[in-house]
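Could you have a look at this structure, given as structure tokens, before my questions?
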Amino acid sequence: MLSLKKGITKSYILQRTFTSSSVVRQIGEVKSESKPPAKYHIIDHEYDCVVVGAGGAGLRAAFGLAEAGYKTACLSKLFPTRSHTVAAQGGINAALGNMHPDDWKSHMYDTVKGSDWLGDQDAIHYMTREAPKSVIELEHYGMPFSRTEDGRIYQRAFGGQSKDFGKGGQAYRTCAVADRTGHAMLHTLYGQALKNNTHFFIEYFAMDLLTHNGEVVGVIAYNQEDGTIHRFRAHKTVIATGGYGRAYFSCTSAHTCTGDGNAMVSRAGFPLEDLEFVQFHPSGIYGSGCLITEGARGEGGFLLNSEGERFMERYAPTAKDLASRDVVSRAITMEIRAGRGVGKNKDHILLQLSHLPPEVLKERLPGISETAAVFAGVDVTQEPIPVLPTVHYNMGGIPTKWTGEALTIDEETGEDKVIPGLMACGEAACVSVHGANRLGANSLLDLVVFGRAVANTIADTLQPGLPHKPLASNIGHESIANLDKVRNARGSLKTSQIRLNMQRTMQKDVSVFRTQDTLDEGVRNITEVDKTFEDVHVSDKSMIWNSDLVETLELQNLLTCATQTAVSASKRKESRGAHAREDYAKRDDVNWRKHTLSWQKGTSTPVKIKYRNVIAHTLDENECAPVPPAVRSY
């Protein structure tokens, strides 16, 4: 009890749930097929909405729903502020006009061009129009943006961004918190989630969607702390689980980026979209893959080859080092192939920052100065950083409308069809605002704009507190059977061996440059790796804090994403954005301006491919005209 004034006391009994919510119903134990028989304790919960993932997109959706009065559960396999959003460095795009006059329509033009005309223009219209409002909202929540001398939000230059629809030179549109923007955003959003009493279930590993007659009705999850299984009933299930960068050997992604939500959706019989488009960031630290933000080039850094040449002037005469990421990554790869790489093996290039004033490095780039020292042994004030293109982002994911509703294809009409009960946002989703190539600093924007869109859509379509329909008592038991099979796997291959084989295959065969031969070999190799999962060995048979089990379940998810990535890439016979074919060197809008949809029900099953049209119109053509396809040059 806290004494406020004489005779007045206040009791603080505010409940915030971090590991479990009040149990709605605990049902009997379920026997497994293992010998001796094991038992799984299943606990049922009922919520209006459940959000899977507690990064930027998941938190924004979750607290938006809680704030609107919905009983909301947020599941995360790790503590929310350890989500991969924390690693985003450079900033968040919005046409605030703090450094020069700017217009969100120019931002839209740059995003469509950056997507290589594969982005859906209704969603891009919505995102860029909402961007200024979203950034100001973050500021009001307390996000500590860097400031100009007159107190406005500081904005830096980033790749692929221009003034006046590509005619006015480099735009300064990226709002930054030094080089730790994602860290600041994640903590800001987490604070709002706590304020609005979101129910958190932390260190719960979501295994599968619960479906009933084609409708998603919740998720089933494994509580790593006590080994119990939890079924979460929900009228709306939101997937915000991030990307699957760990399918590759060298990536900037956290070890937790394993495509869990994508694989859950795939196992439920729904499609994934555009998985062939994997972004390679131009500046991962050579040898470790740690990210050096594009903001380093935005502040004036530049790339050098072994001859000391600023080679980007040959590949992108206007934008130079601030061309879009796919262009810069290909240029670096071509320099290395031409023998102009640096180092003993001539297999990387250099990022020069030592010419920048020390105060700029200290104020604007403190994090990467430390990262370069720790992971490359480099003092950025004295010497360049060795860098190499590194897997960074998945443009593909769960096909989603700009409202956040997940999509599939109607078997009879071939038209888009909303999946009842399922929504997605963030890197797990494919809205598609990034198309074939994401612009730097559009990812943090994507998180908050579409996380909020999910909450708004649900608020417009669902009444809080509605009762749940009765379901079969054995719903989710197929997922438990898979958990039991994996936990008791007694094969000859360690999880780490299979994972390494997958990562090496993807790194070699589905990389920056692709040909039909390498892609076909990649499909064969990843299919063989996929089959070896049946021979996996899990040493730890327990249910409590079993990291061996969790990593094996994550590998199962990664294999689903990796296989569909390789197959989708082998089918697309053109070069567009991050998908660069040496045997089909040009973009083909007539035959290939369309989204790839892929289905795969489970590990070691065939991948089915279909296509859906790119949305070439905006939300309101009187407000904003669509951007017609054109030659993409920087």
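Cβ from N, Cα, C; glycine included.
Just so it is clear, the model here is predicted, and its values are computed rather than measured.
Dumping what Swiss-Prot says about this protein:
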ACT_SITE  R325  active site, proton acceptor
BINDING   53-58, 76-91, D260, E427, 443-444  FAD binding site
MOD_RES   H84  tele-8alpha-FAD histidine
TRANSIT   1-25  transit peptide
Would you mind checking how many other C-beta atoms are within 10 angstroms of the C-beta on A57 (FAD binding site)?
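The answer is 35.
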Can you give me the Cα-Cα distance between L78 (FAD binding site) and R325 (active site, proton acceptor) in Å, rounded to a whole number?
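With the alpha carbons as reference points, the distance is 30 Å.
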Name the residues of the same chain, 6+ apart in sequence, whose Cβ is under 8 Å from the Cβ of V86 (FAD binding site)?
G182, H183, L186
What whole-number Å value do you get for the CA-CA distance of the residue listed as 'tele-8alpha-FAD histidine' and S443 (FAD binding site)?
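About 12 Å separate the Cα atoms of these two residues.
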Determine the Cβ neighbour count for R82 (FAD binding site): the number of other Cβ atoms within 10 Å of its Cβ.
17
Let me know how many other Cβ atoms fall within 10 Å of the Cβ of H84 (tele-8alpha-FAD histidine).
23
Under a three-state reduction of DSSP output, how is G90 (FAD binding site) classified: helix, strand, or coil?
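The three-state answer is coil.
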Rounded to a whole number, how many Å is the Cα of R82 (FAD binding site) away from the Cα of R325 (active site, proton acceptor)?
26
